[in-house]
C-alpha cells in the first residue's frame, strides 16, 4: 500500500458525510509544513524505487528457486515470492490511481461520484497492507515448526501446499478488505484528497472495522516476534552444543536472518500506524456520532504514518537481496553449505 500523498482535490466535499467524501475538510488551511508533507514528488520517487526493488527481488527469487532441490528452502522461497508479489502489486495498483490524479488534477467528487474508485483504492490499501503482515506471521510459524519440531511432519511443505497457504492469506485479506463494501464501516477520501482508506470517525461500523484491521495487524506482528524469537533461541542453543558445533546448517541461519529482518521492518513501519488507529478510535468513542470531520492533526498524522508504511514495501525486497548466502559469504567467508537442521538433533 501506500502512495497516497498528493495534492488537495479540486473542491470540498465536507458536507457529504454519508458517502466516501467528507472525512476531512479539503478547504481547510494548511501551513507550509503541511504542504511539504503532501509533496507528490516524494511519493512518486518512493513508488518507483519500490517497484524496481520488488521487481529485482522477484527476478532473483525466481532464479534461486530453479537451482534448489531442498523442499524446505523451496517452500520458504515461495512464501518470500508471495510477499514480494504482494508488495509489488500493492505499489503498482495504488500508483495507477494516485499518479494520474497528480497529473490530471481531476475533481474526485465529480469523477467518482458513486465512490467505486474510492472503494477500490481503499480495498487495495487494506488488502495489500494486511497481506505482508499475515505472510510474515505465516513464514515465522512455518520456520518455528520446522526448527523446533523437525520430526513432527513426515515431509516438508510441498510447493503446491506452500502456494495454497499463500492463496489462503490472500483470500482472507481479500475478505477483510471487502467488509466496508458489504456494509461494515466505509472507505473515505483522506487528506490531502488523493487516496482512500478506512474511516476513523466514531460510528459503530467504522469503529469495529478499524479495530479489526489494527488489532489483526498487531497480532500478526506479535506472533511473528514470538515465533522468530523462539526459533533464534533454538538455533543458538543447538549451534552451541558441543556435539553439533561442527555441523551447522547455514540455510536455516539464512532464512532466520531474512525473517528477523522482515519482522523488524514490519514492526518499525506498521506498529505506529496500527497503534495510532486504535488510539484514535478509542479516544473518539465518548463523542459518539457528533464528530463528522477528522481533526487536522489526525489527518496529518495519518498521512505521516501511511508514508512510514510505504517504506515497508520498499525495504522488504532488499532484505532478501542483501541477506542471501551469496552475499553473506562475501562478508563472512566461513559460511559453507552444511547438513540440515534435522541432523543437528540427536
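Yeah, the Cβs are placed from backbone N, Cα and C, and that goes for glycine too.
Listed in TrEMBL:
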- 53-320: domain 'G-protein coupled receptors family 1 profile' (DOMAIN)
- 41-64: transmembrane segment (TRANSMEM)
- 76-101: transmembrane segment (TRANSMEM)
- 121-141: transmembrane segment (TRANSMEM)
- 162-185: transmembrane segment (TRANSMEM)
- 205-238: transmembrane segment (TRANSMEM)
- 259-282: transmembrane segment (TRANSMEM)
- 302-323: transmembrane segment (TRANSMEM)
Annotated stretches the transmembrane segment (162-185) and the transmembrane segment (76-101) touching (3 or more Cβ pairs under 8 Å): yes
Folded-back contacts onto the transmembrane segment (41-64), same chain, C-beta under 8 angstroms, at least six residues removed: 3-6, 77, 80-81, 84-85, 87-88, 91-92, 94-95, 98-99, 102, 307, 310-311, 313-314, 316-318, 320-321, 324
Long-range environment of the transmembrane segment (259-282) - Cβ separation under 8 angstroms, sequence gap at least 6: 83, 132-133, 136, 139-140, 143, 198, 200, 202, 206-207, 210-211, 213-215, 217-218, 221, 224-225, 228, 231-232, 298, 301-302, 305-306, 308-309, 311-312, 315-316, 319, 323
Confidence summary (mean pLDDT) of the domain 'G-protein coupled receptors family 1 profile' (53-320): 84
